[in-house]
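Colleague: Annotation source TrEMBL lists transmembrane segment at A:6-25, A:46-68, A:88-107, A:142-162, A:174-192, A:242-262, A:274-295, A:302-322, A:334-352, A:404-425, A:455-474, A:486-506 (among others). Taken from TrEMBL, the feature domain 'NADH-Ubiquinone oxidoreductase (complex I) chain 5 N-terminal' covers A:70-120. Residues or ranges marked as domain 'NADH:quinone oxidoreductase/Mrp antiporter transmembrane' in TrEMBL: A:136-416. Annotation source TrEMBL lists domain 'NADH dehydrogenase subunit 5 C-terminal' at A:423-602.
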Amino acid sequence: METTLLLNTSLLLTLAIILTPTLLLPVSKTSSNSPTTITRTVKTAFLISLIPMTLFMLSGTESITSYWEWKFTTNFKIPLSFKMDQYSMMFFPIALFVTWSILQFATWYMASEPHITKFFFYLLTFLIAMLILTIANNMFLLFIGWEGVGMMSFLLIGWWQGRAEANTAALQAVLYNRIGDIGLILSMAWLASTMNTWEMQQAPLPTQTPTLPLLGLILAATGKSAQFGLHPWLPAAMEGPTPVSALLHSSTMVVAGIFLLIRTHPLLANNPTALTLCLCLGALSTLFAATCALTQNDIKKIIAFSTSSQLGLMMVTIGLNLPQLAFLHISTHAFFKAMLFLCSGTIIHSLNGEQDIRKMGGLQKMLPTTTSCLTIGNLALMGTPFLAGFYSKDLIIESLNTSYLNTWALLLTLLATSFTATYSLRMTLLVQTGFPRTPTNSPTNENNPMITNPITRLALGSILAGLLITSYITPTKTPPMTMPTTTKTAAVIATALGIALAMELSTMTHTLTYPKQNPHLNFSSSLGYFNPLMHRPNTTNLLNSGQKIASHLIDLSWYKKMGPEGLTDLQLMAIKTSTTLHTGLIKTYLGSFALSIILILSTQT
Amino acid sequence: ASEMSKDLMPGPYPRTPEERAAAAKKYNMRVEDYEPYPDDGFGFGDYPKLPDKSAHERDPWYQWDQPDVRHNWGQPMHWDFDMYIRNRVDTSPTPVPWHTMRKHFLLFLSTMLIMFGLGEIYPSYRPVGPKQYPFNDLYLERGGDPNKEPPVVTHYEI
């Protein structure tokens, strides 16, 4: 059978299967939708989406299909077109696999939630929006998916809406994403005016692409993927339930910004300024997030900063003009990051809501499966040879070392790699080893298969995914083949140095002394002071000036200055100047009148 | 009538001490604490000028009448209370003083930008050298004199 037909049909079938629960909503009165059915739907969709991925891997078939066209104006049409290329066909099974595992986990985690079906619906709607974003062939459909994931992120972060901190975090996420959206709309406008289409297939310009639309795209990626400057929303988003953090803020939504840059990489490729900007921004983000992760005590915040750091690494890869490698890192990162979040969710529930790692310890014996998978996830994150993270991370660092680029960006990325090892080891040591610092009557258990199955499945993915993907996908650019041994093992050496640093620090702090405050500790644990410095003055000034202008100044100007008091002031001014002028000497005036009349009469006759 | 009576609504700026006392009583405040906004034409009237503290600074564990806004019934509300709710501006004291935070952050940012600039001027790249040809840099093929002694050429191995 013709491969493209099979490809298109199976991919559309996947999308249709995903959409079924939403279509059944208005139809069925006897709420036949439940968490189990939704999980089963996503599992079916995953299995079906393996078909197009296998087809692509074995035969290299790609396709672009277009279904309906919105005849916007006579010469600007927006088709509903799907692009099934390497990126979308690889992303579908990975996203569906991770979502399936997370949904299965969430049936246990959110079991005491009264609106659990609505929660699952929100997650499903998010997944639909993300898949639309991935498969979109034009910027319009991508924008629909982009806004969709932003909206669902807002609804899901603020899931426990009675909690003021969750509402603030959701608001923060929406505002920071909106700032990024300004950039996206700017570049969409430029694209529409220059290329007269929003399709991604236009031929790249032979000359250098103007920097401004690329800046817009980079701003969009900064907002959505939490690069330095628009990053505070990602750690704040940990206010949402752990399945939300696992799905949105580790594997899928936050990579949407990087995915946008991957999709538009022909435009970026011939503009060295934009590439250097991506490189430097990514390097700064990865180091800043790794520095902040070193001193955090909330387990979810550590993993959130780890995500932020890896996103910076993906941005660095884009800056090296290696979009395929960035996508590989997205794929491998999804597995182990989602698994890390699910393990942390198990730990949190087992300790009855405790999220502070200073109150955890010795969990290796109490939760063996979970903590073993946590170790596997951390090893994959650190880029241990031949686990999933190694294939992408090591290649990135090799390409960094063998390219012509900004030296400081290279140094920062290497430093961030060792910091990654440090904070991962710190988390492992404090959570899993040592004496238990938890209360003795915690409901610690992993008896439910709904916990262990998703985590072990993702652990298997973390181990094998890198090997499988790199074995079957041919690289589009030649990877660097020859380099000195030091360069080849640079990533491993940096990681080992980070581990050594962590071991050294932990032996230093084994005596029960409280760390004294010093500027570096303060800087790291207060997240670089970015949050209070930016949030407080800006919002205060904006709200104060808005209030002042809208109520005080407008009232003052219209009711007073333009009306009675304004007239009074003008009149007073005129009066004051003219009062000094006239002296009131009536007799002199009358005499001058008489004199002038006599003179006129005398000259007349 | 469902509106408040005239004597409960905010009024004009209090000029005499009796007016001040009456205004303080109206707003459920002590006369010592009551401080109206200055009469500069911006229309505040006798509304009290409360300290600019947000809801974050109020005790989270006290049993407020309205726990979400941390406010008791009858307590005078700040003129900008909708700015100081828990979703918006936070005026709570930071662990590190403001000028220290600003200084350290700007130091960090400026160091990064300067180092990135330096990194652009001195980029890192794999070692490169001019191409090295055999036979004394192809002396004869380039039209060198066969009778003369070719110049000494040293080659290096990277």
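The backbone N, Cα and C atoms fix where each Cβ goes, and this holds for glycine too.
Predicted automatically and left uncurated, TrEMBL annotations should be read as such.
Predicted, not measured: the structure shown is a model, and the values here were computed from it.
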Colleague: Hey, would you say the transmembrane segment (A:302-322) packs against the transmembrane segment (A:404-425), going by three or more CB pairs under 8 A that are 6+ residues apart?
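Modeller: Between the transmembrane segment (A:302-322) and the transmembrane segment (A:404-425), contact is present.
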Colleague: Could you tell me whether the transmembrane segment (A:46-68) and the transmembrane segment (A:88-107) are in contact, taking contact to mean 3+ Cβ pairs under 8 Å with a sequence separation of 6 or more?
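Modeller: The answer is yes, given that the two segments have at least 3 Cβ pairs within the 8 Å cut-off.
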Colleague: What is the number of residues in the domain 'NADH-Ubiquinone oxidoreductase (complex I) chain 5 N-terminal' (A:70-120) that are helix, strand and coil, as DSSP sees it?
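Modeller: Per-class counts: 29 helix, 13 strand, 9 coil.
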Colleague: Which residues of the same chain, at least 6 past either end of the transmembrane segment (A:46-68), have a Cβ under 8 Å from a Cβ in it?
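Modeller: Hits for the transmembrane segment (A:46-68): 3-4, 6-8, 10-11, 13-14, 17, 79-86, 89-90, 92-93, 96-97, 99-100, 137, 201, 472-473.
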Colleague: Given a Cβ distance threshold of under 8 angstroms, which distant residues of the chain, six or more beyond its ends, lie next to the transmembrane segment (A:486-506)?
Modeller: 382-385, 393-394, 397-398, 401-402, 414-415, 417-423, 425-426, 429
Colleague: Other than its close neighbours in sequence, what residues sit by the transmembrane segment (A:174-192), given a CB gap under 8 Å and a spacing of at least six beyond its ends?
Modeller: 76, 139-140, 143, 146-147, 150, 153-154, 198, 210, 212-224, 226, 230, 232-233, 257, 260
